[in-house]
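Listed features, source Swiss-Prot:
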type: DOMAIN; residues: 22-110; note: domain 'Ig-like V-type'
type: CARBOHYD; residues: Asn70; note: N-linked glycosylation site
type: CARBOHYD; residues: Asn87; note: N-linked glycosylation site
type: CARBOHYD; residues: Asn108; note: N-linked glycosylation site
type: SIGNAL; residues: 1-21; note: signal peptide
type: TOPO_DOM; residues: 22-133; note: topological domain 'Extracellular'
type: TOPO_DOM; residues: 155-196; note: topological domain 'Cytoplasmic'
type: TRANSMEM; residues: 134-154; note: transmembrane segment
Amino acid sequence: MSQGLQLLFLGCACSLAPAMAMREVTVACSETADLPCTAPWDPQLSYAVSWAKVSESGTESVELPESKQNSSFEAPRRRAYSLTIQNTTICSSGTYRCALQELGGQRNLSGTVVLKVTGCPKEATESTFRKYRAEAVLLFSLVVFYLTLIIFTCKFARLQSIFPDISKPGTEQAFLPVTSPSKHLGPVTLPKTETV
């Protein structure tokens, strides 16, 4: 076999290696997920392990700091270099990467695991907002309509002098009590009339 063909096969094998190292774990909502580290490792050597959740933008955010043991993320000793996520939610779904660093610092190995959490209810706030969005828009529209109606009614009434502007000089206040001077109100007697 020629050297060029061997390099081609080697290149294909190297490009397929990350795809073969990726494993998928499916777990039901609120259950415990055990993610095994798929990096190839030598049982004769000791490694320091770190786990990270790969975000959609491609950057990694560390989910398991070495100092936090009370977190819902823990690395138990049941299975070497595995990550246990307790009480999984839909937010737990995603791609996780384990990195093994040889204690001598000579080799770094990594593997990828995809976690799928099924059976979780959708976000309550999001579905509630979607459910009542039309009613909220209608209520807001009615409030705006009634405020506009009140404002235009007051302006129209002022223009028609129903409610005169008393701050302007020369205008009288409406609804003042009207009294007539020196008119005595007493019993009224009607003259007698004859019927024919």
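Glycine is no exception: its Cβ is also placed from the backbone N, Cα and C atoms.
Mean predicted confidence for the domain 'Ig-like V-type' (22-110): the pLDDT average there is 77. Cα spacing between Asn108 (N-linked glycosylation site) and Asn87 (N-linked glycosylation site): 30 Å, rounded to the nearest whole number. Asn108 (N-linked glycosylation site): 12 other CB atoms within 10 A of its CB, across all protein chains. Other Cβ atoms within 10 Å of the Cβ of Asn87 (N-linked glycosylation site), summed over all protein chains shown, number 11.
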